[in-house]
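Residues annotated as domain 'GHMP kinase N-terminal' in TrEMBL: 84-172. Taken from TrEMBL, the feature ATP binding site covers P112, L113, G114, A115, G116, L117, G118, S119, S120, A121, A122. Taken from TrEMBL, the feature active site, proton acceptor covers D164. What TrEMBL lists as domain 'GHMP kinase C-terminal' is 235-301.
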Amino acid sequence: MTVSSAPGKVYLFGEHAVVYGEPAVPCAIEVRARVGVERRDDSKLRVHADDLSLDGFTVEYGGDADGRPDIDVSESLLVAATQYVDSAIEQVRDVTGEEDVGFDVTIESDIPLGAGLGSSAAVVVAAIDAGTRALGTTLEPAELAERAYRTEYDVQDGQASRADTFCSATGGAVRVEGDDCRSLDAPDLPIVIGFDGGAGETGELVAGVRGLREEYEFAADTVETVGDVVRNGEQALAAGDVEELGRLMNFNHGLLSALGVSSRSLDTMVWAARDAGAYGAKLTGAGGGGCIVALDPTDETETALSFTPGCEDAFRAELAEEGVRRIE
Ligand code: PMV
């Protein structure tokens, strides 16, 4: 078995606005997806996922679209995860030239699905890395990030930014603007996550922002203002000024709220974190439900969130310096 893991991420700044060419700053966190692969004698792909926040589930692909099993829609998140793996293995076949290779794939993930923590990117990065290594090829992080981006692009019908996959492959804090992705120096941030147990519909939320932007000039201005917040955030990050980072995260959340992508549970968690004394808090990712990210070096925010109605899980997450990790 060849096993790789890759981290999830939070957006410190800039989700949604990044779709319109503004910069964004995601940051990898020590919450990981692990993918193990074993080469098969045939060209089939068998995916087993134990803990993707759903019951253990196994699906077997016959190798083409027609061979796909009929799966209950309630399993749609896991089906999505399986589609990501399917497409990731296509990249493995493409890189290695082994077009007929099949794998048994096992996924274990500590990252809630579809909740703004980059679960799909982590699974894709780890799957491509493990799959290529199983065939004797080790990819550089930049190539791995590019292949993972292509995978997300394919599965999401062209609606993907490079942020999640680059961040997961390389680790650390990164700056993304269009096709340009680079690593940033970042202090050890006191990150606390609150999770409402739900997930947002990324496509719908992105479409909602697009609609507002087309209808109202002030919505377009709001998107540009997010870009200004991000540029200020980069300076605060470089200066290691965590208090300023928190203030700017609060500002960023307000702008995302104005763009209609927050939710009652996300707002409730954001306010619980602020009331507990966090430097700042905002939703992370597409929004609509899922996770918030707060900065608090004390235990107060984590404790407060764990007593907040609508918050299903609260935990501290270290910044992940390391992106993809080669386990065996
Ligand atoms: O929820 P996530 O982690 O998939 O992030 C979505 C981020 C958006 O900016 C809303 C969309 C994108 O592709 O950048």
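Residue numbers in this text run from 1 along the chain shown.
Glycine residues also receive a Cβ, built from the backbone N, Cα and C atoms like all the rest.
Sequence-distant neighbours of S120 (ATP binding site): residues of the same chain at least 6 apart with a C-beta under 8 Å from its C-beta are A80, A81, Y84, L113, G114, E152, V155, D164. Take the mean position of the Cβ atoms of P112, L113, G114, A115, G116, L117, G118, S119, S120, A121, A122, the recorded ATP site; other residues of that chain with a Cβ within 8 Å of it are G8, I111, G285. Proximity to ligand 1 at the level of Cβ atoms, with a cut-off under 6 angstroms, picks out G116, G118 from the binding-site residues G116, G118, S120, A122.
Here the domain 'GHMP kinase N-terminal' (84-172) is broken down by DSSP into helix, strand and coil counts: 52 helix, 7 strand, 30 coil. Between the candidate binding-site residues, G118, A122, the densest Cβ environment within 10 Å is the one around A122.
Counting residue by residue with DSSP, the domain 'GHMP kinase C-terminal' (235-301) contains 36 helix, 9 strand, 22 coil. Ranking the binding-site residues P112, G114, G116 by the number of CB atoms within 10 A of their own CB puts G116 at the top.
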